[in-house]
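Engineer: Below are the features I grabbed from TrEMBL:
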- 28-46: transmembrane segment (TRANSMEM)
- 75-97: transmembrane segment (TRANSMEM)
- 117-140: transmembrane segment (TRANSMEM)
- 175-201: transmembrane segment (TRANSMEM)
- 208-231: transmembrane segment (TRANSMEM)
- 237-256: transmembrane segment (TRANSMEM)
- 277-296: transmembrane segment (TRANSMEM)
- 300-329: region 'Disordered' (REGION)
């Protein structure tokens, strides 16, 4: 058995080294996104086995009245804190880098074996922290989650504006019709889904005023987005407004579905477990896709989320190319 374990460890180490060495400068952003996606999968796995696993840790299992959901939250928060420290540390190291001649640029694109080891150690160490630290992080993470939702909206707006501009640039009637059809379909989906939310989260015979408020506000915002986009002074487009409306309806659904399962206004409490799993999978896919898109767009030579003083703002040339051009004048 010891020989077999040694062989497995050797093969695993060789595999990690091979994968890490294959991460080149052009695929570093993809690698970071893959690591983030892997952390989501780890969180999901630990969430499912959290209760029997964390009960064996005396510094976590400090009471006999702790529920299964509490242990699941603890597992996810501890993995999240490990990721926060890992990516936060990398962000601090990269502050002030202006071109690829900076020595720290090699740290960003290389050293993947060391990064994987550090990531694993940080996530593992989080399970040895006391509950008080995780409670504080869980409170602060709520504000971080709100900021991330706002960033997702910005990312979605950037993507839909690029989509709209690419079809408008074709300057053909069929593409204008296609934009109109997609926008109308998105709005129909938004209001139809909002109607379904009324059935799920406003059961007859119960006072669910708060749920009704959120659903109605979602529909009002969807209508307001269309009015603003079509206003002559805005000179906007209906496509981004319609896509954002669909996203708002989805966010409203995820918020309402997170209500306690025994809450009378949560109409999903009597649904199958497949509904919860599908919601979780959809949320994970949305998160991964938004992070991947933002990494590719923000890391490319575009103006996405670049300040006016940035070398990438309004210019597609790299900083190195600009310096070479100036030195040749």
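For all residues, glycine too, the Cβ spot is worked out from N, Cα and C.
Relative to the rest of the structure, where do these features sit?
Structural biologist: Within its own chain, the transmembrane segment (75-97) is flanked in space by residues 32, 36, 39, 42-43, 46-47, 50, 53-54, 104-105, 107-108, 118-119, 122-127, 129, 134, 137-138, 141, which lie at least six positions past its ends and keep a Cβ under 8 Å from the stretch.
Below 8 angstroms of C-beta separation, residues 35, 39, 42, 54, 57, 59-60, 62, 73-74, 77-86 of the same chain, each at least six residues beyond the ends of the transmembrane segment (117-140), sit close to that stretch.
Beyond the transmembrane segment (175-201), the same-chain residues lying 6 or more positions past its ends with a Cβ under 8 Å from any Cβ of the stretch are 164, 167-168, 208, 211-212, 215, 218-219, 222, 226, 237-239, 241-243, 245-246, 248-250, 252-253, 256, 259, 265-268.
For the transmembrane segment (208-231), the list of distant contacts is 187, 190-191, 194, 197-198, 201-202, 237-238, 240-242, 244-245, 248-249, 252, 255-256, 264-265: same-chain residues at least six beyond its ends, Cβ to Cβ under 8 Å.
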